[in-house]
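S.K.: Let me give you the structure first, and then I'll get to my questions.
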Amino acid sequence: MKDSHQTIGVFVRPTHHQNPLFSELTQAKEWVLRLLEDEGFESFMADDNGLKDERLIEKAYAFLCLGGDGTILGALRMMHSYNKPCFGVRMGNLGYLTAIELNELKDFLQNLKHNKIKLEEHLALEGRIEEISFYAINEIVITRKEALGILDIEACVSHTPFNTYKGDGLIIATPLGSTAYNLSAHGPIVHALNQSYVLTPLCDFSLTQRPLVLGAEFCLSFCANKDALVIIDGQATYDLKANQKLYIQKSPTTTKLLQKNSRDYFKVLKEKLLWGESSSKKN
C-alpha cells in the first residue's frame, strides 16, 4: 500500500449539468484523475457533502480542489477538523486562494512528491450559537434577517462590552478573508499570515464607526436586538435569535494551504487588485 503522502482526495465544484461549465469541469476532473495516477498518486473523489468514510480522509495527505475560491472554501471547512491541507486548481473566476492553473498541475505534483511545496497555515474562526458550532475560513457575517430596519449588534471582547453597531450588520473576518467580503465593505487588508480578527461594520448608521483589527488572543461575543442571520464564508447560514449569543474565537486548528514555493503574497495582491495599473487598464 502506498503511504499517505501519495494519496490525494479530489473535490470538484458542484455544477448542474445545464451549467456551461459542466462539460469543462467533467473533462478536467477526468484528466486530473488520470494525471494523479500517472504521477504515482492514489486518489479518491469527495462528493458535494464531503466524505462519509473517515478512513479515506485519514489516509489522504492532502485534498485537491478543482474550481474557484468557493470550492476551496467549502473543502477547507469540511476538512478543517481533520487538519488536512488543501490546494486549489483554478477553474473559476477570481482564484485568490487557488494555488495553480490547470496547466501547472503536473509540475506541482512533481514538486509535491519531492517536498518542494510550501505549507501555509492561516488563522480560522470557530463560532458557536448555543449547542451549534462551526468553522469559518474567510469570515462570519451577522446581518439583518428582515429587509427593513436597523440591526443593533452589541459586541463584547472577553465578556466586556465595547461597542454597539447599528446598521445592516457586521463582518468578522480572518486575515485570509480580509481580501474577500471585508474588502468590498471597505475593511482593511491584513497580511494573510497575521494572527488577528477584522471587524468591519456594514452600512453603519453612525459616521464614527470604523473597521477594527483585534489580536486573535481575544474571545468575542455578539448579540442582536432582533432576529438575525449568521453567514459563514458566504456558503452556510444559521439563525441568531434576538438577544441570543454568538461566540467567536480563534480555532485551535489552522487553515492549511499548499502553495508553490514561488508564490509571493504581495505579488498576488498586486495582480488581483490591479495595483499600479493605470485607470484605463482597470476599466
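Along the chain as shown, residues are numbered 1 onward.
Cβ atoms here come from the backbone N, Cα and C positions, even for glycine.
Feature list, courtesy of Swiss-Prot:
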{"type": "BINDING", "residues": "D69, G70, N138, E139, K166, D168, L176, T179, A180, Y181, N182, L183, S184, Q235", "note": "NAD(+) binding site"}
{"type": "ACT_SITE", "residues": "D69", "note": "active site, proton acceptor"}
S.K.: Which one of the binding-site residues (N138, S184) has its C-beta surrounded by the most other C-beta atoms within 10 angstroms?
M.R.: N138
S.K.: How many other Cβ atoms sit within 10 Å of the Cβ of L176 (NAD(+) binding site)?
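M.R.: Counting Cβ neighbours of L176 (NAD(+) binding site) within 10 Å gives 25.
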S.K.: Could you give the maximum C-alpha to C-alpha distance in Å for the residues D69, G70, N138, E139, K166, D168, L176, T179, A180, Y181, N182, L183, S184, Q235 that bind NAD(+) per the record?
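M.R.: Largest pairwise Cα separation, rounded: 31 Å.
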S.K.: Please report the DSSP secondary structure of N182 (NAD(+) binding site), reduced to three states.
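M.R.: DSSP call for N182 (NAD(+) binding site): helix.
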S.K.: Need the DSSP three-state call for N138 (NAD(+) binding site) to compare against my parser.
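M.R.: In the DSSP reduction, N138 (NAD(+) binding site) maps to coil.
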S.K.: Would you count the other C-beta atoms found within 10 angstroms of the C-beta of A180 (NAD(+) binding site) for me?
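M.R.: Here the count is 23.
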